[in-house]
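Peer 1: Before we start, here is the structure in question, set down as structure tokens.
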Amino acid sequence: MSNTAGQVIRCRAAVAWEAGKPLVIEEVEVAPPQANEVRIKILFTSLCHTDVYFWEAKGQNPLFPRIYGHEAGGIVESVGEGVTDLKAGDHVLPVFTGECKDCAHCKSEESNMCDLLRINTDRGVMLSDGKSRFSIKGKPIYHFVGTSTFSEYTVVHVGCLAKINPSAPLDKVCLLSCGISTGLGATLNVAKPKKGSTVAVFGLGAVGLAAAEGARLSGASRIIGVDLHSDRFEEAKKFGVTEFVNPKAHEKPVQEVIAELTNRGVDRSIECTGSTEAMISAFECVHDGWGVAVLVGVPHKDAVFKTHPVNFLNERTLKGTFFGNYKTRTDIPSVVEKYMNKELELEKFITHKVPFSEINKAFEYMLKGEGLRCIIRMEE
């Protein structure tokens, strides 16, 4: 165990005091881990659109002050009672959803939606005692999705930590703890395109490009990128995208455009925008008889869409996925190995790097739509 085990650690954290206001670097106190918890030192973290969405708090229950962040890589500092599969010094990726290994979902090979540790954006405290491990002068600071990686130290449930190869560079593989794995797994684990097949990807942000990367790894012969922003098309070529369709450039529905391009439809489609209009297009653009559409993007909670039942009766399949169907502890270490084996390229997702003291720049980049992922280096 480390020499700080069992003690309160004082460190820097980027605290969101209110919705939409710049984060403030504060000295926080991080309590020791309790039963089934692990305290980790964060070395690198990244900003995901989910952090920005809840920081803006335009459509959700606002919970402040809060420490955001959930794409990161770090090293175990100490473990709480009952933790046997991690020890101080282990390299880990904290993940917003977990794997308890005991519930029906964890025991099923088909599901990764753990009953105990499934994502909960409203909970700002730890499961074991309903309390926060962060405080400033005695005032609790709320957690975010069980990870809160915008802090030099954080406390995470053991089931939400993937133990990874210590040789893997944390400034690269930290991206695998959320968006990249979500898109990659949607293709590899759910859509499962065969070699030589045609794939359409709706939305060419980081998640969509990761889905395209999955299609590239699968040996797809054609990967059609669909996006309303034509300036994304050139960048997408690096991820295997071979053709581009901007729905605004056509009078007819984009699913009809794709059907004409592909002799009645693509074999697989992956929808990564959360737009219900795009969801309909993604489903209706797959080929009858064998086409599979996979929904990844998260819509507004009240959103609904409709399509004709004949689309199903003609043997098109519509699926949804959560975190690319990856189990946090069981599967993510092998995704890291894909990077280590040079199958998966992560460098091309990284468009910006900033020190922790300039974390608000990462928010500016994302709000302006500049780049894909910004790596935040915790040590100055």
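Placed from the backbone N, Cα and C atoms, the Cβ positions cover glycine too.
Annotations for this protein, taken from Swiss-Prot, read as follows:
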BINDING   C48, T50, H70, C178  Zn(2+) 1 binding site
BINDING   T50, 203-208, D227, R232, T273, 296-298, F323, R373  NAD(+) binding site
BINDING   T50, H70  alcohol binding site
BINDING   C100, C103, C106, C114  Zn(2+) 2 binding site
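Describe the structural context of these features.
Peer 2: Just so you know, the Cβ of H70 (Zn(2+) 1 binding site) picks up 28 other Cβ atoms within 10 Å once every protein chain is counted.
The C-beta environment of R232 (NAD(+) binding site), restricted to residues of the same chain at least 6 apart in sequence and closer than 8 Å, consists of L204, G205, G225. Following the DSSP three-state reduction, the secondary structure of R232 (NAD(+) binding site) is helix.
In this structure, H70 (Zn(2+) 1 binding site) belongs to neither helix nor strand by DSSP; it is coil.
Around the Cβ of C106 (Zn(2+) 2 binding site), a 10 Å sphere holds 22 further Cβ atoms from the protein chains shown.
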Peer 1: C106 (Zn(2+) 2 binding site) to C178 (Zn(2+) 1 binding site): how many Å between their Cα atoms?
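Peer 2: On Cα coordinates alone, these residues lie 19 Å apart.
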Peer 1: Using V298 (NAD(+) binding site) as the reference point, find which of the binding-site residues T50, H70, C100, C103, C178 has the shortest Cα-to-Cα distance to it.
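Peer 2: Going through T50, H70, C100, C103, C178 one by one, the closest to V298 (NAD(+) binding site) is T50.
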Peer 1: Using DSSP with the three-state reduction, classify C100 (Zn(2+) 2 binding site) as helix, strand or coil.
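Peer 2: For C100 (Zn(2+) 2 binding site) - judged by DSSP and reduced to three states - the answer is coil.
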Peer 1: Beyond the listed site residues C100, C103, C106, C114, identify every same-chain residue whose Cβ lies within 8 Å of the center of their Cβ atoms for the Zn(2+) 2 site.
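Peer 2: Here the nearby residues are G98, E99, K101, D102, A104, H105, K107, D115, L116, L117, G159.
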Peer 1: Taking each of C48, T50, H70, C100, C103, C114 in turn, which of these binding-site residues have a Cα lying within 10 angstroms of the Cα of A206 (NAD(+) binding site)?
Peer 2: C48
